[in-house]
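Below you'll find the structure, written out as structure tokens, and then a few comments.
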Amino acid sequence: MTTFLIKHKASGKFLHPKGGSSNPANDTNLVLHSDIHERMYFQFDVVDERWGYIKHAASGKIVHPLGGKADPPNETKLVLHQDRHDRALFAMDFFNDNIIHKAGKYVHPKGGSTNPPNETLTVMHGDKHGAMEFIFVSPKNKDKRVLVYV
């Protein structure tokens, strides 16, 4: 399974568990931050063709919409949680640089800024625009894209 960083394309910031713990509690918010360290590495665990779990490599917890609803409303926070179920399935869209939830909403920085400050929450939203693009890069070279479906 490939280990990677999730990089906000417009700002160059990275997805992190808030607080940077190697074993964050369930429902720990996911934020954007400029730091790079081993506690913000991710892996993608394919479950059904293109759908899978975005796994926090250090803890094994996975990315969820807060509350675990099948169709989370706009502005639902993204968190880490230990449970694995269909409501936590995402696809990594390399062609459009999006992360899409099984219900059809996308990962966004809260507020939709192209240059969000450190500690900006990440949320689910149905809009598509340049500020919600993410790329998947190597922990050894933050400018080198990696394939997560391997």
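Cβ coordinates are placed from backbone N, Cα and C, and glycine is handled just like the others.
What Swiss-Prot annotates here:
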- His16, Gly19, Asp35, Ile36, His37, Glu119: D-galactose 1 binding site (BINDING)
- Asp27, His64, Gly67, Asp83, Arg84, His85: D-galactose 2 binding site (BINDING)
- Glu75, His108, Gly111, Asp127, Lys128, His129: D-galactose 3 binding site (BINDING)
- Asn26: N-linked glycosylation site (CARBOHYD)
- Asn74: N-linked glycosylation site (CARBOHYD)
- Asn118: N-linked glycosylation site (CARBOHYD)
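Location within the structure of each feature annotated in Swiss-Prot.
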{"residue": "His16", "record": "D-galactose 1 binding site", "DSSP class": "strand"}
{"residue": "Asp27", "record": "D-galactose 2 binding site", "DSSP class": "coil"}
{"residue": "Asp35", "record": "D-galactose 1 binding site", "DSSP class": "coil"}
{"residue": "His64", "record": "D-galactose 2 binding site", "DSSP class": "strand"}
{"residue": "Asn74", "record": "N-linked glycosylation site", "DSSP class": "coil"}
{"residue": "Arg84", "record": "D-galactose 2 binding site", "DSSP class": "coil"}
{"residue": "Asn118", "record": "N-linked glycosylation site", "DSSP class": "coil"}
{"residue": "Lys128", "record": "D-galactose 3 binding site", "DSSP class": "coil"}
In all the protein chains shown, the tally of other Cβ atoms within 10 Å of the Cβ of Gly67 (D-galactose 2 binding site) is 13
Argmin Cα dist to Asn118 (N-linked glycosylation site) over the binding-site residues Asp27, Ile36, His64, Arg84 returns Ile36
Asp127 (D-galactose 3 binding site) sits from Asn74 (N-linked glycosylation site) (Cα to Cα, rounded, in Å) at a distance of 9
A correct count of other C-beta atoms within 10 Å of the C-beta of Asp27 (D-galactose 2 binding site) gives 14
Glu75 (D-galactose 3 binding site) and Ile36 (D-galactose 1 binding site), compared by Cα position, are separated in whole Å by 26
For the binding-site residues listed (His16, His85), most other Cβ atoms within 10 Å of the Cβ sits at His16
Same-chain residues at least 6 apart in sequence with Cβ under 8 Å of the Cβ of Asn26 (N-linked glycosylation site), in sequence order, are Lys61, Val79, Leu80, His81, Gln82
Among His16, Ile36, His37, Asp127, i.e. the binding-site residues, the one with its Cα nearest that of Arg84 (D-galactose 2 binding site) is His16
